[in-house]
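**Student:** First, the structure itself, so that you have it in front of you.
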Amino acid sequence: MSERKVLNKYYPPDFDPSKIPKLKLPKDRQYVVRLMAPFNMRCKTCGEYIYKGKKFNARKETVQNELYMGLPIFRFYIKCTRCLAEITFKTDPENTDYAMEHGATRNFQAEKLIEEEEKRIQQEREEEELNNPMKVLENRTKDSKMEMEVLENLQELKELNQRQAQVDYEGMISQYRELERREREREKEEDERETKEMLDRALVKRLRDSDSDSEKEEESSSTQSMKSSSDKPTDILTTDKPPEAQGTSAAGVKRAKTESWERSVGTLGGGGAFGSLLVRKKPTVTVSKPSPAVTAAAPTSQKDSKASTAGSTNTAKAVVTQNGSSSLSLLGAYSDSDSNDSE
């Protein structure tokens, strides 16, 4: 495919262009070309309108014995799109246009004819003024007079229009001022509305914040009231005390801390499973100075053990000291010794 796109063909060394035979073609021969209609036209046979720019397959030939400054003139043959009648036109290099020959009439030709007539008149006037200075003066006088008449006619037309119009300038100015006033009022109302909306939004936000703060305060106050209601007035008296002496129950003393000797041996109450196996001994201590080591003797009968337990309970209810469980156990021992002596 590349060999058909080359610009230079190969010519052998023995090539002689004079030996190539020339074709003898007539000078008025025709070529088929593709063109567009150069102007609007109407067919004389059927009255069909052919608009400017419509494409045709036309025949082209050179006009014989017609030249314009050495330029040849060409003729074109086309056919009507409706009746297939032949229409011909040729080039016009003098006017840089096309000229209609036969088969159709050119539309919108009046403007072109007027322009051609004006050009002809101007050309004749220039030729007259070239050799006659008096003719130049006359033409200038006519031109000035015509110009003055045109200006007078324009002025009369303007005055006539003004009389008929009857424009109320004061009314126009007052209307314009009224429009300006309304525009200012509208802008002022818009500004006030925007300001009000902004204030409302700020107030709503502030109310929401205050509501949340009040809810928090109510919650805190409710929790404080619940705490205060749960606390007893006498709790302040026992807050500083150790948990060993916080109070007594109706059944006896509630001990929070168990002594080491109680964990190993057991209590003196005898209420447990091994209460019957314990043997109480009489205390050998005096009332004035009690000994810390107190040994308990088992009761001889079940009645003695119940009596000793009741006596220790009554003594613990009567006396409450800061020493806790140790003092209560000593008082229980004293009551047991007193009951045995009385017996």
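Backbone N, Cα and C atoms are what each Cβ position is placed from, and that goes for glycine too.
Here's the feature list from TrEMBL:
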BINDING   Cys43, Cys46, Cys80, Cys83  Zn(2+) binding site
COMPBIAS  179-213  compositional bias 'Basic and acidic residues'
REGION    179-343  region 'Disordered'
COMPBIAS  287-301  compositional bias 'Low complexity'
COMPBIAS  307-323  compositional bias 'Polar residues'
COMPBIAS  324-337  compositional bias 'Low complexity'
**Student:** Hey, which of the binding-site residues Cys43, Cys83 is the loneliest by Cβ count within 10 Å?
**Tutor:** Cys83
**Student:** If you count CB neighbours within 10 Å, which one among the binding-site residues Cys46, Cys80 has the smallest count?
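**Tutor:** Each of the binding-site residues Cys46, Cys80 was scored by Cβ atoms within 10 Å; lowest is Cys46.
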**Student:** Summarise the compositional bias 'Basic and acidic residues' (179-213) by DSSP state, stating how many residues are helix, strand and coil.
**Tutor:** 35 helix, 0 strand, 0 coil
